[in-house]
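Here is what TrEMBL says about this protein:
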BINDING   His98  heme binding site
TRANSMEM  44-63  transmembrane segment
TRANSMEM  83-100  transmembrane segment
TRANSMEM  121-139  transmembrane segment
Amino acid sequence: MGTTAKEEMARFWEKNTKSNRPLSPHVTIYKWSLPMAMSITHRGTGVVLSLGVSLFGLAALLLPEQFPHYLAMVKSLSLGPALIYSAKFALAFPFSYHTWNGVRHLAWDMGKGFKIPQVNQSGVLVLILTLLSSAGLAAM
């Protein structure tokens, strides 16, 4: 009869302990770089945008009133312009970042900009364009 998963794991760890093998490297041993942080942020904004669109669509289907009713409710709160601008910026940022970084990835798909200085420069450009476009969208 075969071994159980528990027995297999015990045998695995016993073998590794006897041979003094190191554990696999973890993300904490790496020096963070701009491309690494931007890659993780790109994935995160993709998840946030997917969830946001899904929740907005679900709300549109399930909530009893139409969108103008809920917009009027928010306007009736009389929130200050700084808070409204900040909220709009927070909504625009993931969209802007994911879009500009997606354009960067399209350039990479064409084989452009793979040298380390170019990767860093395009990363800084993406961040600048993200901040400017988010600020512009929030001002609308």
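Quick reminder: no glycine exception, Cβ is built from N, Cα and C everywhere.
Automatic, uncurated: that is what TrEMBL annotation is.
Model, not experiment: these values are computed from the prediction.
A C-beta separation below 8 Å, combined with a sequence spacing of at least six in one chain, links His98 (heme binding site) to His42, Thr45, Gly46, Leu49. Residues 41-42, 45-46, 48-49, 52, 126, 129-130, 133-135, 137-140 of the same chain sit 6 or more residues outside the transmembrane segment (83-100) yet have a Cβ under 8 Å from a Cβ within it.
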